[in-house]
Amino acid sequence: MADYEAVDDVIETVAAVAPDVRAGLPGRRLTEAGVENPSGETVTAADVHADELFFEALGAIDGVVEFASEEREAAVDVADGTAGEDGLAVAIDPLDGSSNLASNNAMGTIVGVADAPLPAAGTDLVAAAYVLYGPITTMTVAREGTVTTYVIDGGEMTAVEEDVELPDEPVVYGFGGRVPDWPDAFHDYAREVESELKLRYGGAMVGDVNQVLSYGGIFAYPALDSAPNGKLRLQFEGAPIAKIIEAAGGASSDGERSLLSVEPTDLHQRVPVHVGTAEYVERLEAALAD
Ligand code: AHG
Ligand code: MN
Ligand code: MN
Ligand code: MN
């Protein structure tokens, strides 16, 4: 089993690196890295910068033996020979919503921590966190079943909310993909939700999920007719976000089961993502089962 002291080191290191990620954004506003990532997506210079900063810092932590990123084909062995194979693996989306940089909208970083080796099921995550680069930089962390939100200022992390829970009354929804590409059952479900909640969709999962955590409601990037497994990646987006939302009293689903129970088969596997207020997740599963 891993040394769980190192989990604190991972969380603190993410907080310490976040300001450097933010500082690197202005100079990389419109620059592409000219490469594609394992998901076949265009990689921006900001993606590469964030990935390298987190690789450097997280790979140097005693007790972290594996580093995997949305931007890298395979997990990297970062054991320094002392920890051997026993140790923590970190799965990271270094810059989530990086296409929002050109339009100066919110972006984030998503991190999952598990015993090595990856890929890991969400149930095996020992911690999950996201950083939100919004008007201020915040970090939301799920550990041992509870969620804490921190403000990050100059690399210092200050807890501002403990035992975070989704509000009882849901208010917002945000659904990704193009409407004509939604399967009929999701389309019908979306029509119902639209008549009940307010639309909040910003195009970066972390920003949209943080709205759901703050106000209650549902975020989904569903299965599409053109992409039956949706767009988001289980290891780097779906599982860590589900860990946080479920620890905050919400629910998650791939359409049939909790995202935490989805069998990990490939480091970059995609999964339909629905997270938020349990009532809306249950209604979604019923709509898709019909
Ligand atoms: P990333 O920038 O890490 O590749 O993630 C982008 C994802 C996610 O942040 C967001 O929910 C989704 O892409 C938005 O997709 P659309 O642009 O299709 O709405
Ligand atoms: Mn990407
Ligand atoms: Mn992402
Ligand atoms: Mn990303």
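In case you wondered, yes, glycine gets a Cβ from its N, Cα and C as well.
Database features, via TrEMBL:
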BINDING   E70, D93, L95  Mg(2+) 1 binding site
BINDING   D93, D96, E237  Mg(2+) 2 binding site
BINDING   D96, G97, S98, S99, Y201, K231  substrate binding site
DOMAIN    28-154  domain 'Fructose-1-6-bisphosphatase class I N-terminal'
DOMAIN    167-288  domain 'Fructose-1-6-bisphosphatase class 1 C-terminal'
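Rounded to a whole number, the distance between the Cα atoms of Y201 (substrate binding site) and L95 (Mg(2+) 1 binding site) is 18 Å.
Taken residue by residue with DSSP, D96 (Mg(2+) 2 binding site) is part of a strand. For D96 (Mg(2+) 2 binding site), the spatially nearest entry among the binding-site residues E70, Y201, K231 is E70, judged by CA separation. D93 (Mg(2+) 1 binding site) sits 14 Å from K231 (substrate binding site), taking the CA atoms of both as reference points. With a cut-off of 8 Å between CB atoms and residues at least 6 apart in sequence, the same chain places T44, G203 near S99 (substrate binding site), listed in sequence order. When the alpha carbons of K231 (substrate binding site) and E237 (Mg(2+) 2 binding site) are compared, the span between them is 10 angstrom. Summary: among the binding-site residues (E70, D93), the fewest other C-beta atoms within 10 A of the C-beta are counted at E70.
Residue counts for the domain 'Fructose-1-6-bisphosphatase class 1 C-terminal' (167-288) by DSSP state, with H, G and I taken as helix and E and B as strand, are 53 helix, 22 strand, 47 coil. Among the binding-site residues D93, G97, S99, K231, residues whose Cβ is positioned under 6 Å from ligand 4 are identified as D93. Screening the binding-site residues D93, L95, D96, S99, Y201, E237 for a C-beta under 6 A from any atom of ligand 3 leaves D93, D96, E237. DSSP assigns E70 (Mg(2+) 1 binding site) to coil in the three-state reduction, outside any helix or strand. Among D96, G97, S98, S99, Y201, K231, the residues given in the record as binding substrate, the maximal Cα to Cα distance rounds to 16 Å. Take the Cα of E70 (Mg(2+) 1 binding site) and measure to each of the binding-site residues G97, S98, Y201, E237: the nearest one is E237.
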